[in-house]
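Participant: Sharing a structure, written as structure tokens. Questions coming.
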Amino acid sequence: MVAAALDAMAGTRWGRWLGLVTAVWVQCISGNNYTFSNYSHALKTLMGLTQLQLNGLSVAKDVGKAFGLLAGLASDRVPTWLLLAIGSLEGLLGYGAQWMVVSGTVAPLPYWQMCVFLCLGGNSTTWMNTAVLVTCIRNFRRSRGPVSGLLKGYVGLSTAIFTDTCSALFADDPASFLVMLAVMPAAVCALAMVFLREGLAAGGAAAGDEEDDGRCFAAINSLAVAIALYLLAADLTGLGGGGGVVSAVFVAVLLVLLASPATVPALLAWKSWVRTRKAANSDLEEADSLPAAAAPLLLAAKAAGRTEEEEARAPGERPRLGEEHTIAQALTSLDFWLMFASFLMGVGTGLAVMNNLGQMGVAMGYVDVSLFVSMTSIWGFFGRIASGTISEHFIKTRAIPRPLWNAASQVLMAIGYIVMALAMPGSLFIGSVVVGICYGVRLAVTVPTASELFGLKYYGLIYNILILNLPLGSFLFSGLLAGLLYDAEATAVPSGGNTCVGAHCYRLVFLIMALACVVGFGLDVLLCVRTKRVYAKIHESKRLSRSAVAQRVG
């Protein structure tokens, strides 16, 4: 009975938005996989690892995402709450085991066992991300760009949220940090299991609600920007660090800001209640006015479905881009592999920087690298949230293919790597900002692009196949490229392991990654050319939908 009531709530407009807000909270804690730099040095020292061995642990963390295929397969077969439960339990086990080692509760585990627990922690996020992305994109089919940008934006903020909260409450203690990574996601997922459900009216909002949805997205995006600016100010001023009353106030204000998106579904629920009361007093007038309003709504619904419907096909004929694809059809499409390869060049090189920021900072003479970790996270948020909204705007107004923004991010990322290779004063700060922005753009743009090109029916699995680029890119660019070239420059230390200090430690790594981004740029440009027809069709659909709304208002 309770489940039926919750499902009915999910079918309402405010229920869909409540689900989106709880999804936002899940994303706030599902970026724990990007925080390895915050405690990697403790693992390296405690276990006496070389840089190549440490990077092997980092790769193991990202290999966990390869098993995200299981989450993709399960996404069409099990309810959202079960996906969240599996993810939270895996995280509790994976990060809990790492906490026991770093805190000294148990003796350092064998290397292979640490790889297993890091893999579990990495895999936990794939279940959470699959649950929220698949459910929310199906609930907001006509706003895929804003939904993707919003959700991926909060993932970008999650690293800064974890880092700054730990700095404020626990003075950057690695053991306390790992406790947060284990416990907080489980608590938030428990809440999301109740409210995040695929709506009964999963086709999304009617055309008449699209403008109101735009205002709701703008409100939540504005709150997200306020959170990002608050975290940025805290990082630059040191406001949240050091403990004491000031740090406690900082965390309290942060929690209030994170809870503030709930005001959007609360306001929608109140408006719905008011409309229901008015309708109860004017049933006759509502019944009389319904036929007159029905025609433009039908036109809007027809417009909304233009990009979803498939043209008649002869038996055995392949679907066109923009129509529903099976997994086999998607995997035998040149466009899929263009998107896959370009995604590898962007996220693979970005992960190499994120995983090695700790050692990069030491090599360039920094004692504390938490600022750079937070900068990557916060500016990654701006890249994600802006690219989702901006790319959607230009599809509506100019029919510009969404992959164009990926191409632009590749150029900017290549410039960032060149700046870092030059090792000028402040280059690591500039590079961490640039990499954060561009990495965020890649994630936020590729997620809706995959659904627009290959459909939503098997989207959960297609998304997780693309996410294979994270472990693959981590292995190629972080595990092999960065690890081998660093060790070639490093010198052994008496306590075990090795170290390298100086700009030369990572210079060749940055130059090779800049070249990889140039290759990715070429692939993205080719994909833009091949998908122009799809985005022209989506543009026309949105234009007809706006015309229908204008007729109804008129």
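Including glycine, each Cβ sits where the backbone N, Cα and C put it.
Grabbed the feature section from TrEMBL, which reads as follows:
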DOMAIN    16-265  domain 'Nodulin-like'
DOMAIN    323-535  domain 'NFD4 C-terminal'
TRANSMEM  81-99  transmembrane segment
TRANSMEM  111-137  transmembrane segment
TRANSMEM  149-171  transmembrane segment
TRANSMEM  177-196  transmembrane segment
TRANSMEM  216-233  transmembrane segment
TRANSMEM  245-270  transmembrane segment
TRANSMEM  336-354  transmembrane segment
TRANSMEM  360-382  transmembrane segment
TRANSMEM  403-423  transmembrane segment
TRANSMEM  429-449  transmembrane segment
TRANSMEM  461-486  transmembrane segment
TRANSMEM  506-529  transmembrane segment
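On this model, are these features tucked inside or out on the surface, and what's nearby?
Facilitator: Within the model, the domain 'NFD4 C-terminal' (323-535) carries an average pLDDT of 91.
Sequence-distant neighbours of the transmembrane segment (81-99) (same chain, 6+ residues past either end, Cβ-Cβ under 8 Å): 26, 30, 32, 39, 43, 64, 71, 74-75, 105, 109, 114, 117-128, 130-131, 175, 178-179, 181-183, 185-186, 189-190, 192-194, 196-197.
Long-range contacts of the transmembrane segment (111-137) within the same chain: residues 19-20, 23, 26-27, 30-33, 43, 47, 53, 56-58, 60-65, 67-68, 71-72, 74-75, 80, 83-84, 86-91, 93-95, 97-98, 101, 144, 147-148, 151, 155, 181, 185, 189, 192, 196-198, 447-448, 451, 456, 459-460, 463-464, 467, 471, each at least 6 residues beyond the stretch ends and with a Cβ under 8 Å from a Cβ of the stretch.
Within the chain carrying the transmembrane segment (177-196), a Cβ under 8 angstroms from the stretch's Cβ atoms is held by residues 6, 10, 18-19, 22-23, 25-26, 28-30, 32, 35, 38-39, 80-81, 84-85, 87-89, 91-92, 94-96, 98-99, 102-103, 121, 124, 128, 131-132, 135, 162-163, 165-166, 170, all 6 or more beyond its ends.
Using a Cβ-Cβ cut-off under 8 Å and counting only residues 6 or more beyond its ends in the same chain, the transmembrane segment (216-233) has close neighbours at 17, 20-21, 24, 143, 146, 149-150, 153-154, 157, 160-161, 164, 239, 253-254, 257-258, 260-261, 264, 268, 374, 378, 381-382, 385, 389.
Sequence-distant contacts of the transmembrane segment (245-270), counting only residues of its own chain at least 6 positions beyond either end whose CB sits under 8 Å from a CB of the stretch, comprise 13-15, 17-18, 20-21, 24-25, 28, 161, 164-165, 167-169, 216, 219-220, 223-224, 226-227, 230-231, 234, 239.
Packing against the transmembrane segment (336-354) from elsewhere in the chain are residues 34, 36-37, 62, 330, 360, 373, 376, 403, 406, 409-410, 413, 417, 420, 431-432, 435, 438-439, 442-443, 446, 449-450, 453-454, 465-466, 469-470, 472-474, 476-478, 481-482, 509, 513, 516-517, 519-520, 523-524, 526-527, 530: each is 6 or more residues past its ends and has a CB under 8 Å from a CB in it.
Same-chain residues lying 6 or more positions outside the transmembrane segment (461-486) and placing a CB less than 8 Å from one of its CB atoms are 51-52, 54-56, 58-59, 61-66, 68-69, 71-73, 75-76, 122, 126, 129-130, 133-134, 325, 327, 330-331, 339-340, 343-344, 347-352, 355-356, 359, 446-447, 450-451, 454, 500, 505-506, 508-509, 512-513, 516.
Packing against the transmembrane segment (506-529) from elsewhere in the chain are residues 335, 338-339, 341-342, 344-346, 348-349, 352, 356, 360, 363, 401, 403-404, 406-407, 410-411, 413-415, 417-418, 420-421, 423, 477, 481-482, 485-486: each is 6 or more residues past its ends and has a CB under 8 Å from a CB in it.
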